[in-house]
Amino acid sequence: MKMPTIKRQMIVKNSDSLRTKNEFLKKSQLLPTDRRLIKLLLFFWGIFIFCIPAYGYQRENPVVRAVQKVGPAVVNISSEYEVRSGPFSGFGMDPFFESFFRDFFDHGFERRYKKNSLGSGVIIDGTRGFILTNSHVIERRGTITVVLKDEREFEAQIVGADPDSDLAVLRISSSTRLPAVEMGNSDDIMIGETVIAIGNPFGFSHTVTTGVISAVNRSIRTEDREYHEFIQTDASINPGNSGGPLLNINGDLIGINTAIYAKAQGIGFAIPISKAKRIVSDLIRHGEVIQPWVGLTVQDMDARLAQYLKLPGNKGVLVKSVDQGSPAEKAGVRDSDIILSVGSINLGSGEDYHGAIKSFAAGDRIKMKLWRSGKDISVSINAAVFPVERAESLAYSLLGIKVENLSQAKHFRHGTTAAEGVMISEILRQSYLAGIGARPGDVIRQLDDMTIKNMDDFEKAIVKYRNKASVVILLQRGSQGYYITVKF
């Protein structure tokens with residue numbers, strides 16, 4: 001049977017078109033070399049696209065991330081205070097003579113002008129607005145202004161300051177929660193570890209410097225104090241950086257930068273945060289640092305004394321006396337023992353001893369290494385709060401005086417014009433104060449930086465400063481006042 005003509009024509013057409021299509025596909029097929037080239041181009045294009053964000057990510061290193069994390073919590077601190085100067089200022093006069101000339105000459109000679117100081121700080125509590133900084137940044141008091149990174153300004157109040165540790169806590173009030181730094185641990189820092197310092201050197205806000213931990217447990221001496229357990233770094237810490245944070249690579253706070261050492265060239269120092277935590281806690285709770293009491297009086301060693309006591313070398317301090325009923329007596333410490341170390345600090349002087357004791361709080365157990373009868377002995381002392389009832393006997397042992405509150409009868413009898421203070425009622429003839437001419441009837445108006453209004457103030461001051469090497473006392477006789485420095 002024959003196929004219809006129309007169907008035959010369709011089959012022929014379909015077969016022709018199929019043949020044409022196959023021929024086209026064959027012609028359009030790529031050579032193997034062409035396919036490999038395209039694959040290679042696609043491969044490099046993918047690498048290029050992938051590397052664009054990767055390159056940006058590599059630039060955002062841990063230092064950048066730490067600064068981004070903590071930067072908003074770093075603040076600029078400025079204080080404005082009034083300076084008074086007379087025609088004889090700047091000649092290095094003793095304060096007594098300055099007072100004399102100020103009283104003798106007309107007050108019209110006195111000039112008054114405003115000065116500003118700059119420093120840094122870091123917010124440690126964003127809810128309550130607490131800022132940690134150096135004591136020397138705000139030592140002149142006056143009006144204190146805090147500027148945040150977002151340029152918001154606040155007037156700050158001083159919560160507490162401790163010149164002996166060079167730490168202070170400020171407080172600002174904000175309607176919103178403030179950015180705050182995370183506390184780290186300075187006890188496990190490593191030599192060579194990367195650190196970051198942020199501050200406002202020379203007024204340049206939010207300046208970042210980096211370096212490494214160069215050393216730990218450094219002791220440095222300034223004109224009036226000796227500081228212990230400092231962190232040393234080669235990160236630049238200049239005037240204005242004081243009070244700013246020292247961070248580890250994770251952005252955790254491990255220290256508070258300080259520029260108190262004027263001779264530092266290419267090195268910087270920071271107060272370890274583990275030491276600062278106890279001080280900050282006392283400043284927030286009490287407005288001052290509560291010094292621990294162990295009940296020891298010590299003196300420096302010398303070569304002859306070390307030889308007599310058969311001590312190898314002349315390191316350590318000699319125990320002069322142990323207070324009866326004190327924590328040291330209970331721990332077994334005796335007169336004439338040599339204290340070689342307190343905690344991890346080896347002692348070379350009485351200042352070393354007092355500085356080491358200050359790093360502990362009441363309630364802490366203090367480990368001491370002693371030398372007694374040619375042997376090393378270890379003791380553990382449970383530090384306590386100094387009993388206020390011992391303040392009177394403490395003043396007599398340190399200063400050789402007994403004091404009492406002022407009264408109208410005493411004013412009349414001794415002819416003093418002092419409205420506030422405590423009057424010396426008895427003085428030990430062998431004391432330093434007696435040796436320079438102090439006598440009963442003289443009035444103590446100031447002890448170091450504490451104003452003395454009454455017996456309560458005097459007892460608090462003598463307890464507070466009992467571990468210092470020396471104190472400055474403002475004495476008044478009649479209408480004249482004069483400053484003296486007394487060594488304990």
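Backbone N, Cα and C atoms are what each Cβ position is placed from, and that goes for glycine too.
Quick look at what TrEMBL annotates:
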- His136: active site, charge relay system (ACT_SITE)
- Asp166: active site, charge relay system (ACT_SITE)
- Ser242: active site, charge relay system (ACT_SITE)
- Glu80, His136, Asp166, Gly240, Asn241, Ser242, Thr258, Ala259, Ile260, Tyr261, Ala262: substrate binding site (BINDING)
- 280-347: domain 'PDZ' (DOMAIN)
- 37-57: transmembrane segment (TRANSMEM)
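Feature map: annotations from TrEMBL on the structure.
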residue : record                           : CB count, 10 Å
Glu80   : substrate binding site           : 13
His136  : active site, charge relay system : 20
Asp166  : active site, charge relay system : 26
Asn241  : substrate binding site           : 29
Ser242  : active site, charge relay system : 27
Thr258  : substrate binding site           : 30
Alpha-carbon spacing, Asp166 (active site, charge relay system) to His136 (active site, charge relay system), which is rounded to whole Å: 6
Secondary structure composition of the domain 'PDZ' (280-347) [DSSP: H/G/I, E/B, coil]: 18 helix, 20 strand, 30 coil
Spatially closest candidate among Glu80, His136, Thr258, the listed recorded positions, to Ser242 (active site, charge relay system) (Cα to Cα): Thr258
Cα within 10 Å of His136 (active site, charge relay system) - qualifying binding-site residues among Glu80, Asn241, Thr258: Thr258
For His136 (active site, charge relay system): DSSP state (helix, strand, coil): helix
DSSP three-state assignment (helix, strand or coil) for Asn241 (substrate binding site): coil
Conformational class of Asp166 (active site, charge relay system) under the three-state DSSP mapping: coil
